[in-house]
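Q: Have a look at this one.
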């Protein structure tokens, strides 16, 4: 019995020993397999690594100072590399409806968006400049917190209206900044004392603004004596020409007639060129805005206007300027817009720039636009 148990125990021990040996052999095989894989990996890595370790000139930091440097040991030309410098943060697009418009600060009447506009307080330019620290030389401004979709040139036909200009700048700069616009202000000053020509000055402003900044794609044409009473009246261009000043106080805050396009209007670059700009032959007061309305209609476009509660304006009261008497030929010329718009406009404007002066709040461009003909032009 003892022999039988001893033989059985011996066989069990041999079996256990055999299993241990088999396990050891499997472990050794697996170990060498994993070792071989790691060895191949490090061999590939070391084959690439020495070129960088031995030749620092091939690093990107060196190529930043020598853009055409190559690694001597590589034997193959490498593309120039440069260390990227600091990049400006990418700003989000400016909102279509900027926040803060229509709020009621201390200078606003108790009606949403309605601004309190008055023209009795003294208004030195130094005060206006202090109130608008973000406005750059020449009247340029860009929002610091967003990227506007348009670049706007605001063009003002001008002569002997310094008092009005100070009030206009006082009210308009804060409004345009709150509207998150990228803009520039251009005062087109007619030289001399010949008869005033508003539309021709606006043509000059369009051309001169583009000479300074070819990215302008929206043009707002504004009289210097008109101030909006609501900052939600956005000075932007749209799919159709825009008429902003639809409800002036002098007209009882109503549109005087359906075809009225005076005071403040806006067209993008393609719309302006499509109508050949504005007429150059309206010397004296009146008629040019009706001609512009006719041009827009003849070009197959329509007028866009804000809500009448938003498009309200106050006019600075003043006597009629000397040498800006009513044009007696305006009614005849308005009837002939279809015949004259192709030959009279931005393509035919003639003028001479006498001075360009970049002031802290605006760019003043003094021009000689000639004088009216001594005979009635063909209309």
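Even glycines carry a Cβ here, placed using N, Cα and C.
Feature list, courtesy of TrEMBL:
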- 12-32: transmembrane segment (TRANSMEM)
- 56-92: region 'Disordered' (REGION)
- 58-73: compositional bias 'Polar residues' (COMPBIAS)
- 111-237: domain 'Galactosyltransferase N-terminal' (DOMAIN)
- 242-319: domain 'Galactosyltransferase C-terminal' (DOMAIN)
Q: What counts of helix, strand and coil residues does DSSP assign across the domain 'Galactosyltransferase N-terminal' (111-237)?
A: 39 helix, 32 strand, 56 coil
Q: Reported in the order helix, strand, coil, what are the DSSP residue counts of the domain 'Galactosyltransferase C-terminal' (242-319)?
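A: So the domain 'Galactosyltransferase C-terminal' (242-319) is made up of 20 helix, 16 strand, 42 coil.
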Q: Between 0 and 100, where does the mean pLDDT of the domain 'Galactosyltransferase C-terminal' (242-319) sit?
A: 95
